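Asks: Quick one: this structure, given as structure tokens, is what I'll be asking you about.
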Amino acid sequence: MKRYVLGKVVFAIPLLIIITFLAFGLNHLSPVEPAEAVLHAQGVPEITKELIAETREKLGMNDPFLFRYGSWLLDCLRLDFGSSYVTGLPVWSQLGPAFLNTLKLTLVSMAAIVGLSIALGVGSALREGRLLDKGIRGAAFLLTSMPPYWLATLMIWYFSVKLDLLPTSGMDAWQSYILPVAIITISYAGIYFRVIRSSMLGNLNEDYVLYARANGLLELLVTKHILRNSLQVAVSVFGMAIPVILGSTVVVENLFAWPGLGSLSVRAILSRDYPVIQAYVLILAVTFVFFNTLSDIVNAAMNPKARMDR
Amino acid sequence: MKDLVVSKLRIWDSRSGAALVEDSSFTVKAGKCLAIVGESGSGKSLTCRAIMRLNKAGLRQSGDIWLGDIKLTALTEKEIRRIRGTKLCLILQNGMRAFDPSSTIGSSVRETLAWHYGWSRSEMIGKMAKAMTAVKLDDYLRILNSYPHQLSGGMLQRMMIALAIVLEPEVVIADEPTTALDTVSQFEVLQQFALLRERLGCTMVFVSHDLGCVKKLADEVLIMKNGVIVEKGAASDIFHAPRHDYTRYLVTAKTSVNQHFRRLMGGDSFVFH
């Protein structure tokens, strides 16, 4: 197991280097001259060639590509992503708090998604074809087919405006979490519970289940074995869901005025604020690698075969 | 020891209503071995599982099954669960798939023993070690600490037999236990079944489509085709004087395959050593 974990972590290092290279390089493929974008962003009325040349020199853009990449990478390791072209403030002072806010929202949602998916998946698999199964699948189908922004608007209207139970927006108290978390949970758990359900159904027909029952084991213990084997598929899916949610909270954050990454990144992209975009891409990619590695490790801890096959 | 009596067993699919086993009655005398023979889909496995009441939810059964004076078909789910494992023991075809792939063999076995008998860990290991040595699984500690995919099909098959030895059931139901094995392991496992009967003196139901295996173990044979019992009788009668056409076909098919094999291997002069 130790060797497996070490192997996974070592494998992540070259992956991270490639990612940083792409994050840095992609921005330089953009047809827009970065110096011009800076001047635009700062609202300079008349952009002359001399001004562009001067800005290029000031931002160090005349240095060789690899040299600039190297010094950017070293700065990144110290969480120094440069300064925003628009505000002139250090990128991390904006991105850091926003990232934390979105991470909080994501982790709370993830806990709800995992809990709900397992409960619904197990419930509907054990009652396959019966009323409970049909009810869960029907409700999940209905809720996931509603666009999140519409569902969110309805919920804000009902719970916040009509019943006045929950805040409409912001991030002030734990109550602020309920609606955004509910919206994210509904759209993901409605899909993920099916992964668990079908995996459970596949396992239910396995010989080891028949043998455990033939040995007189309690149905609860048998279900525990089935769940343990079914969750192995789900762990990878859940692991990858965290960065996906992290990168796709734009709609929910905008609706609930959540001061997170989603709103920040959209603003940065619209104003071509390259340092912020670069840092955003980099942070998301790193979390992808991190949670992917983590889910591999958790999976190996649960599945002896994966641990040995590597 | 008690007789196992199956009377007018009928199994059908609750959705389509199609009968899968029709009006099946037979008795296995205490301590005897009954072989159920038939091609796949003839209802052999369904009959076995019906005795333990373990058929899938979509299948229904009617008729009575008695183990001595216990009417198995009238027990509550809780009562039959107590009987499964302790009085009725099932041994499956594919040892590779009979144990939870994510647990060690030892923890699967301990779970069963702890549930039925509440033995301490050392007591369980002591008993398992004895039984495993009896079925020639000598390196018992290593095997108990292994996961199913680290062992061979034959070893896992013998592991099921070892568990049966410890559980000391009155009836052992073996559902095609040799089909998934190579010839050498088949021979070893068959030997273990013979020893198991000697050791426990248990009643045995042995499902197979291999007449060679049946000949070695069975006292009585029951031939099934399309869910119906077509012939039953003492093993020697079935092999030497089959009455039903289908039985004759099975026995002669076996003989002609054997002859063909001998010819291929160098004529009648070829002798097994």
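Glycine residues also receive a Cβ, built from the backbone N, Cα and C atoms like all the rest.
TrEMBL feature annotations, pasted as is:
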| type | residues | note |
| --- | --- | --- |
| DOMAIN | A:99-295 | domain 'ABC transmembrane type-1' |
| TRANSMEM | A:5-26 | transmembrane segment |
| TRANSMEM | A:105-126 | transmembrane segment |
| TRANSMEM | A:138-159 | transmembrane segment |
| TRANSMEM | A:174-193 | transmembrane segment |
| TRANSMEM | A:233-257 | transmembrane segment |
| TRANSMEM | A:277-302 | transmembrane segment |
Asks: For the transmembrane segment (A:174-193), could you work out the same-chain residues 6 or more beyond its ends whose Cβ comes under 8 Å from its Cβ atoms?
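Replies: For the transmembrane segment (A:174-193), the list is 105-106, 108-109, 112-113, 116-118, 120-121, 124, 136, 140-141, 143-144, 148, 151-152, 155-156, 159-160, 166-167, 234, 237-238, 241, 245, 249, 252-253, 255-256, 258.
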Asks: Out of A:105-126, A:138-159, A:277-302, which stretch has the largest tally of CB pairs under 8 angstroms to the transmembrane segment (A:233-257)?
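Replies: That would be A:277-302.
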Asks: Residue list, the transmembrane segment (A:5-26) vs rest of chain: Cβ under 8 Å, 6 or more residues beyond ends.
Replies: 68-69, 72-73, 76, 278, 281-282, 285-286, 289-290, 293, 296-297, 300, 310
